[in-house]
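**Student:** Handing you this structure, nothing more for now.
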Amino acid sequence: MSDTILRTSATAVPDTALLDQSLLGATAGDWLALLKPRVLYLVVYTGAAGLLVAPGGINPILGFTAILCIAMAAGAAGAINMWYDRDIDAVMRRTAGRPIPTGRISPDGALAYGVALSALSVLLMWLATNLLAAGLLAASIGFYVFIYTMWLKRRTPQNIVIGGAAGAFPPVIGWAAATGHVGLLPVLLFAIIFFWTPPHFWALSLFASADYQKAGVPMLPVVAGQKATRLAVMRYTLWLVPLSLLPYVLHLAGPVYGASAMVLGLAFVWYSWRVLRDRQDGNGVSLTRDAPAKAAFKFSILYLFLIFGALVLDHLV
């Protein structure tokens, strides 16, 4: 791992001139990019699902505010992540075009933006819904920033496994915003996202391993190799499928969800099997330019959209 990268300071003394320059020179698109909008879609979607399936319902305006707070919090955490990871983002092809490495936004501007949005999202959630939802929202930000970004990401190949908890909070927060408590169903939804995260990100890391290695990030393919990563993708997918059926088995969801979870789960297993059986050279490197891994990565996103959509549909019918 590059000593230069690891020694790069993530806590530089604020430069007022740079901060002013970033505030004046950056476009709205640059500030939006700091929020990682591609990630926000799934966060908002799963948070809304948790809110919609919660018993009792919620005032539409308060519900919209709760989802907005979840989106703001996720975006804020993403901005702080980009601030802290600006050194490795600069050397990875996939992230080199982000606003901080390109100089469109200063590190201090990004940090101030992320902290302000974090505080605003938690305060607004508290005022609009309840203290539990606000506390869970704050915990999700803290987990992503301090546990995943600052502690795990550069230290262990299990960064995605443990850090996946940060992305699993939204349906729990949505449920808590509507009810003021946490039940068994949102806990199961948390677990589904938690076990979905490793095969999703490890599929990505299989075809982006050179980037991670260059940046010194110990993703599983970099540390354990391609073969071990392919096996891990399959293993977590096999754990995910029976777990995803528990809401139906425990009578927390109906047949629409149960049938959807089974079909989608079998499809996910098939995509993971293709990753496992991808043609490789003697070092486990794909001979197909990681086509199965790319397909599995794309399907994993569709999987989460569809299974949570089935849950909401089941609740409505």
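Here the Cβ of each residue, glycine as well, is placed from N, Cα and C on the backbone.
In case it's useful when we look at the structure, here is the feature table from Swiss-Prot:
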- 39-59: transmembrane segment (TRANSMEM)
- 60-80: transmembrane segment (TRANSMEM)
- 109-129: transmembrane segment (TRANSMEM)
- 131-151: transmembrane segment (TRANSMEM)
- 160-180: transmembrane segment (TRANSMEM)
- 184-204: transmembrane segment (TRANSMEM)
- 249-269: transmembrane segment (TRANSMEM)
- 297-317: transmembrane segment (TRANSMEM)
**Student:** Out of 39-59, 60-80, 131-151, 249-269, what stretch is closest in contact terms to the transmembrane segment (160-180), meaning most Cβ pairs under 8 angstroms?
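**Tutor:** Highest pair count goes to 39-59.
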**Student:** Give the one range among 39-59, 60-80, 184-204, 249-269, 297-317 whose Cβ atoms make the most pairs under 8 Å with those of the transmembrane segment (131-151).
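**Tutor:** Ranked by Cβ pairs under 8 Å, first place goes to 60-80.
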**Student:** Which bits of the chain, at least 6 residues beyond where the transmembrane segment (297-317) starts or stops, bring a Cβ under 8 A of a Cβ in it?
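**Tutor:** Tertiary neighbours of the transmembrane segment (297-317) are 42, 45-46, 49, 52-53, 171, 189, 192-193, 196, 199-200, 203-204, 207, 244, 247, 253-257, 260-261, 264, 267-268, 271.
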**Student:** What parts of the chain pack near the transmembrane segment (249-269), using Cβ distances under 8 Å and only residues at least 6 beyond its ends?
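**Tutor:** Hits for the transmembrane segment (249-269): 184-185, 188, 199, 234, 237-238, 240-241, 299-300, 303, 306-307, 310-311, 313-315, 317.
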**Student:** Cβ under 8 Å to the transmembrane segment (39-59), counting only same-chain residues 6 or more beyond its ends: which ones?
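**Tutor:** Same-chain residues near the transmembrane segment (39-59) but 6 or more away: 66-67, 70-71, 74-75, 78, 129, 167, 170-175, 177-179, 185-186, 189, 193, 301, 304-305, 308-309, 311-312, 315.
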